[in-house]
Amino acid sequence: MNQVQSDQSLYIESEDEDSRKDYDEEEEDDQSHSDSSDANDDSQTQTKPSSYTTAWPQSYRQSIDLYSSVPSPNIGFLGNNSVTRFGSSFLSSSLIRRHTPESLSAVTKPLLEADEQALPPPPKHRLSSHGLLSPAPSRRGSMRKDEKVSMVSHEIPMSRNSSYGQAVLNGLNVLCGVGILSTPYAAKEGGWLGLIILFIYGLLSFYTGILLRYCLDSESDLETYPDIGQAAFGTTGRIFVSIVLYLELYACCVEYIILESDNLSSLFPNAAFGIGGFELDARHLFALLTTLAVLPTVWLRDLSVLSYISAGGVIASVLVVLCLFWIGLVDDVGIHSKGTTLNLSTLPVAIGLYGYCYSGHAVFPNIYTSMAKPTQYPAVLLACFGVCTLMYAGVAVMGYTMFGEATESQFTLNLPQDLVATKIAVWTTVKSTYALTISPVALSLEELIPERHNKSHWYAIAIRTALVFSTLLVGLSIPFFGLVMSLIGSLLTMLVTLILPPACFLSIVQGKVTRTQMLLCVLIIIVGAISSAIGSYSALSKIIEKLSS
């Protein structure tokens with residue numbers, strides 16, 4: 001393995017001039033033969049670590065980092081415009097490994113250490129597309145050789161030295177999503193005993209998050225969830241995992257359209273628009289306006305400013321929760337129902353809703369590989385799942401107690417519209433996360449643009465516009481926020497959170513698995529599969545029933 005890595009990669013040490021010259025000579029020869037050898041080496045890359053950097057999708061790491069991470073205070077809004085791209089559109093042919101620090105300008109990065117300042121400039125030859133950086137003994141003193149750095153502005157430089165606090169904030173930023181709005185509805189659908197499912201899923205999700213760490217540690221070149229899928233099941237596994245993750249992000253964008261349509265139409269129920277014989281009611285009007293509002297943000301190549309807005313996700317979730325408790329405890333609003341102990345007929349819907357609450361595993365590998373002290377990763381997960389579970393349970397109990405059997409799919413729809421706290425809660429849900437959520441999907445599709453067209457931004461605009469309007473059409477076709485969320489939680493989140501992590505773990509570790517680990521993994525897979533089947537069938541049945549009525 002070490003021999004393969006040394007042949008395919010290079011670290012430039014400030015005191016090693018001879019090795020740099022030797023590499024330049026080898027690189028010229030490699031460039032002259034790379035085009036003719038790519039086809040013959042295609043099958044071999046399936047077993048080489050370099051295949052993690054050349055297989056689709058290559059944009060996953062940076063796009064998910066931008067989507068999920070809370071920007072560090074030392075990162076400027078302008079960022080560094082010489083950041084590596086991936087793929088055939090915006091993106092280059094390989095990811096920057098977690099062992100290699102990103103290129104930052106003096107404005108956005110502290111002064112270099114003395115050894116780093118002595119590093120020679122990069123040579124003029126580009127690494128082969130099959131090159132892979134080997135692990136370095138430290139995070140400094142290494143630099144990737146590249147002929148030129150592509151110009152891109154859709155991402156911000158991400159730190160590979162996240163502290164414990166930053167990692168916790170990133171995890172909370174992902175887990176504390178719109179799922180919290182539906183936990184009272186889930187309590188209504190499942191009854192009080194159904195809350196046990198929330199805690200069970202939280203415990204199992206925490207354990208599967210730990211399993212992802214073991215998968216990443218099995219090979220030094222694994223960084224992302226698709227990498228884990230490839231290590232476990234080859235290129236087919238990588239593509240399958242990627243498609244599931246992108247479908248989950250796409251479905252979240254559909255939920256965003258439905259969410260804004262429902263909440264804004266509740267604030268302005270008499271809003272309507274008509275031209276000729278064509279009329280739009282409040283729900284359709286605000287769905288269209290929301291789509292038109294987010295469309296220009298999706299066209300942006302520089303999403304760094306929006307990432308700061310997304311960083312307020314934790315604050316927004318806490319604010320919405322505080323508004324609910326204020327209205328219930330201070331304003332004394334609600335019927336204070338005792339509720340139902342157990343509702344078996346609609347319990348499957350609650351299964352999907354509770355499952356959706358823990359849809360953060362797509363980001364956990366990125367968080368782990370960006371930590372300065374990876375040994376703190378279990379503590380980070382414990383803090384994230386602990387805080388989020390308490391918030392979800394608290395909102396579920398409070399909301400169901402206040403509104404009883406009248407609880408809507410979003411508790412914001414139950415709040416009295418004349419209260420200031422209600423308006424704060426509703427408008428807090430309106431935040432610009434749509435572009436950051438859809439961008440990973442768009443970038444993955446842009447990688448498929450033929451190379452002869454990759455310099456044209458119009459292809460990217462066309463793809464992104466089509467994606468945005470497709471979410472509008474899907475949202476208007478199935479405008480059932482709670483049922484759609486239940487379907488996402490059952491069909492996609494169960495796969496990402498409960499089924500794939502233990503399956504990948506068993507495949508990667510194989511003979512090193514203990515008997516206890518084997519039993520736990522099999523049990524979790526069974527629980528995830530049964531939950532997925534029951535929840536998906538129930539959600540689909542109810543959606544079809546509502547559409548036909």
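These residue numbers are counts, starting from 1, taken along the chain as shown.
The backbone N, Cα and C atoms fix where each Cβ goes, and this holds for glycine too.
According to TrEMBL, the region 'Disordered' annotation covers 1-56, 116-145. For 1-11, 44-56, the entry in TrEMBL reads compositional bias 'Polar residues'. What TrEMBL lists as domain 'Amino acid transporter transmembrane' is 161-539. Residues annotated as transmembrane segment in TrEMBL: 167-186, 192-216, 237-259, 305-327, 347-368, 380-404, 457-478, 484-506, 518-540.
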Positions on the same chain near the transmembrane segment (484-506), where near means CB under 8 A and six or more residues out: 178-179, 182, 201, 204-205, 208-209, 211-212, 214-215, 225, 228-229, 231-233, 237, 241, 244-245, 247-248, 251-252, 254-255, 258, 348-359, 361-362, 409, 478, 513, 517-518, 520-522, 524-525, 527-529, 531-532, 534-536, 538-540, 543
Dominant neighbour of the transmembrane segment (518-540) in 192-216, 347-368, 380-404, by Cβ pairs under 8 Å: 347-368
Other parts of the chain folded back onto the transmembrane segment (457-478), taken as Cβ under 8 Å at six or more residues beyond its ends: 89-90, 250, 253-258, 261, 284, 287-288, 291, 294-295, 298-299, 301, 438, 441-442, 445-446, 449, 484, 543, 547
Distant-in-sequence neighbours of the transmembrane segment (237-259), which means Cβ under 8 A and at least six residues beyond its ends: 55-57, 60, 67, 177-178, 181, 225-231, 287, 290-291, 359, 362, 410, 429, 433-434, 437-438, 440-441, 444, 467-468, 471-472, 474-476, 479-481, 484-485, 488, 492-493, 495-496, 500, 504
For the transmembrane segment (347-368), sequence-distant contacts whose Cβ falls under 8 Å of one of its Cβ atoms, 6 or more beyond its ends: 61, 64-65, 67-69, 162, 167, 170-171, 174-175, 177, 179-180, 182-183, 185-187, 189-191, 194, 197-198, 201-202, 205, 208-209, 212-213, 216, 222-225, 227-228, 245, 248-249, 374, 377, 380-381, 384-385, 388, 392, 482-483, 485-494, 496-498, 501, 531, 534-539, 542
